[in-house]
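Have a look at the structure below, then the notes.
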Amino acid sequence: MALRTLASKKTLSLALGGARPLAAAARGVTTVALPDLSYDFGALEPAISGEIMRLHHQKHHATYVANYNKALEQLDAAIAKGDASAVVQLQGAIKFNGGGHVNHSIFWKNLKPISEGGGEPPHGKLGWAIDEDFGSFEALVKKMNAEGAALQGSGWVWLALDKEAKKLSVETTANQDPLVTKGASLVPLLGIDVWEHAYYLQYKNVRPDYLNNIWKVVNWKYAGEVYDNVLA
């Protein structure tokens, strides 16, 4: 099912009544689409089951996409009407569902089947940076596992690059907050979803087992490419 990542645009033509100067202006709303995976749902087994991947992608991520697009269209209509209360009210839905789309779009790229190199430790500049900033690759894994396991409720644990300081750090975000909410200079290299929907069908309530096993399918090549591009 390796298909291209989709993108779509939907243009809404809104007639703005009354004495508004732009009464006949057309407003453009750019929506998002569910990206295809570059591997089959079952390709990450036994680390992550095919059933989890199918539900995670087809149900959870798809719902974030649908709700984000809906909220964008409602926001566009509210702005057109000058309804400030509605604009403010929609910010929560946009942040949650937009963040869910952003985070999951990164998450799928962070994973790779073992047969295609998933789980191979990072090399090159990122590998050196991990050793410098954390002491060793093993120390980074231990830190991310500990912070991911300790995160209360739902959220994400990230390997982040501060592009201004040129330093790596481990960060956590709650719910579907994207990494940028922790700092504008932080770039996500690797994000691990610690919502229960990412592991419960397979690992039940033992989140640490999920965190230990996901490293077998981490796509460090992708993380290294992001690191190199940001610091180029």
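Even glycines carry a Cβ here, placed using N, Cα and C.
Any TrEMBL annotation is an automated prediction that lacks curation.
Taken straight from TrEMBL:
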type	residues	note
BINDING	His56, His104, Asp193, His197	Mn(2+) binding site
DOMAIN	33-111	domain 'Manganese/iron superoxide dismutase N-terminal'
DOMAIN	122-223	domain 'Manganese/iron superoxide dismutase C-terminal'
Requested in this report: Fewest other Cβ atoms within 10 Å: which of the binding-site residues His56, His104, His197 wins that one? Let me know.
Outcome: His197
Requested in this report: Starting from the Cβ of Asp193 (Mn(2+) binding site), draw a 10 Å sphere and report how many other Cβ atoms land inside it.
Outcome: 24
